[in-house]
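Single-structure report; data block below.
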Amino acid sequence: MEGYHKPDQQKLQALKDTANRLRISSIQATTAAGSGHPTSCCSAAEIMAVLFFHTMRYKSQDPRNPHNDRFVLSKGHAAPILYAVWAEAGFLPEAELLNLRKISSDLDGHPVPKQAFTDVATGSLGQGLGAACGMAYTGKYFDKASYRVYCLLGDGELSEGSVWEAMAFASIYKLDNLVAILDINRLGQSDPAPLQHQMDIHQKRCEAFGWHAIIVDGHSVEELCKAFGQAKHQPTAIIAKTFKGRGITGVEDKESWHGKPLPKNMAEQIIQEIYSQIQSKKKILATPPQEDAPSVDIANIRMPSLPSYKVGDKIATRKAYGQALAKLGHASDRIIALDGDTKNSTFSEIFKKEHPDRFIECYIAEQNMVSIAVGCATRNRTVPFCSTFAAFFTRAFDQIRMAAISESNINLCGSHCGVSIGEDGPSQMALEDLAMFRSVPMSTVFYPSDGVATEKAVELAANTKGICFIRTSRPENAIIYNNNEDFQVGQAKVVLKSKDDQVTVIGAGVTLHEALAAAESLKKEKINIRVLDPFTIKPLDRKLILDSARATKGRILTVEDHYYEGGIGEAVSSAVVGEPGITVTHLAVNRVPRSGKPAELLKMFGIDKDAIAQAVKGLITKA
């Protein structure tokens, strides 16, 4: 067999001993914690032993070294055995394992990146393989390095569609540096898994998706060593037949034990039984990696030149996004773009044309696209920008919230926002996206209103930690800013003001331009308004909003192409709550819209220039 050298009996026994030590540690940790998933750990003990102490190449004292092989524990509830591995490797003190799930410990119930050996948070099932695909794509096509990527999945999560999106992606892009290990332990959380131990069906499914699929006895270290040696030339799925709770007498392969630690007396007895099978306490040292990953610096990536727009010219911010991203791509070869088969609408096709080797077509699989981006961003190897219609990011909200838990630095651009897209109708209109992205921890939400602001938003997003969302629009609107205008996160702009302003009007994107048009008509009636462009909806420029409100008799009017819930109006209301003498009035979309021309829809839903002018007059009259 090509490249496979069977380990000698001493090495095989050492791997068996390692697997049993991992079992013992998992049982001890979960019993001490009074919670956790020891049976899910025990089914994977031999897999983890062979992976980390025979197959993988890594520096055990430097888990995030860029040359290391990568590992993703997609079945994140088996975290105790991952922690046990790193204690076995000498990175964690063994005593720390007994602090599992304690508030004072970094060993959370599921893997999180405050642990140096965890690249992506897992635990919401079905997402690990997508992240692993992103790592493998980066290794093969961007780093062109020899590190390999391994992902351990449970059989229960194979019901998740996102797993099969990732399987398809790996096959399309020939990720021969990727190995998925399927821990087929038969039992789910509350019932047996749908296929139980029908290994041939698992194999046929993987093969149908273009993978090399190998069935093994998941408790045979020899079969596992052999299978990992065969993982070449195409993405490989090692389909391991295992038993949940392996090695735990009276519990192995029994239902109703998921997520239950062993009682102390029972744990002590089982640990003695397992310990008696260990022949040597000698530990296997990790094999170091081949050091061929390039040095990468993604800090302080700046546009090569200022924007080149002319005030008054018209451009849609979605197109300005594509132009800006392509331009930023010339500043760093680590800027990458991903799209969900909408590149001719989001205009990421401009990036593809100028940087074809750094564009990843993810097709219509938005959940996987976000996971791919998360994987690409790990260990600061790339700066990913994903784009699709903003409405379609709602499908990937779980992946986005897990990206935040992963402390991932990814940028998402959502186009076709609001009723202003027109005739395509409500299924295409993003009207919930601001609420969604504002709720994500440590997120930054950009809402640029012209081409200059959009270009600045792209540059800022590339250098901002966390999840960045850029909301772009379909209609063409006028350039209102000079090319040398300075933009910063959390810094709003006063677009129009006078000493006689009576109301502060806050709009963004399309509605900012409607507010400016309303100001023109109101001026003819000798009514002046102050118009603010927030630029970022999160964080919001509270100081400028308050200063403007106080200069306009405490009156604020927000207008947005978004539902009332969670958008600009609620963000502004939260910012000024408790401030005396300030009132906030909202104009927003109040029901599910319909098809129509953009101007007709803006008018129908009361967010056009006429509605703004009428609301301003109402506020003044009310006083």
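Placed from the backbone N, Cα and C atoms, the Cβ positions cover glycine too.
Per Swiss-Prot, Mg(2+) is bound by ASN185, LEU187; the candidate from ASP155, ASP176, ASP200, ASP217 named for the same site is ASP155.
Annotated substrate binding in Swiss-Prot involves HIS37, HIS258, ARG318, SER345, ASP424, ARG474 plus, out of the candidates HIS355, HIS416, the residue HIS416. Record check: Swiss-Prot places SER40, HIS77, GLY123, SER124, LEU125, ASN185, LYS244, HIS258, PHE392, GLN428 at the thiamine diphosphate site, and the matching candidate among GLY156, GLY210, GLY466 is GLY156. Put simply, LYS232 is the one of the recorded positions LYS232, THR287, ARG318 whose Cα lies nearest to the Cα of LEU125 (thiamine diphosphate binding site). When the recorded positions ASN185, LEU187, LYS204, TYR275 are compared by Cα distance to ASP424 (substrate binding site), the shortest distance belongs to LYS204. Cβ neighbours of LYS260 (N6-acetyllysine) (same chain, under 8 Å, six or more residues apart in sequence): PRO38, THR39. Within 10 Å of GLN428 (thiamine diphosphate binding site), counting CA to CA, the recorded positions LYS11, ASP155, THR287, ARG318 contribute nothing. Within its own chain, LYS603 (N6-acetyllysine) has ASP610, ALA611 as residues 6 or more apart in sequence whose C-beta sits under 8 angstroms from its own.
When the CA atoms are compared, the recorded positions lying within 10 A of HIS258 (substrate binding site) are SER40, out of the candidates SER40, ASP155, SER295. Note on proximity: of the recorded positions ASP155, LYS241, TYR275, ARG474, the one nearest SER40 (thiamine diphosphate binding site) is ASP155, by Cα distance.
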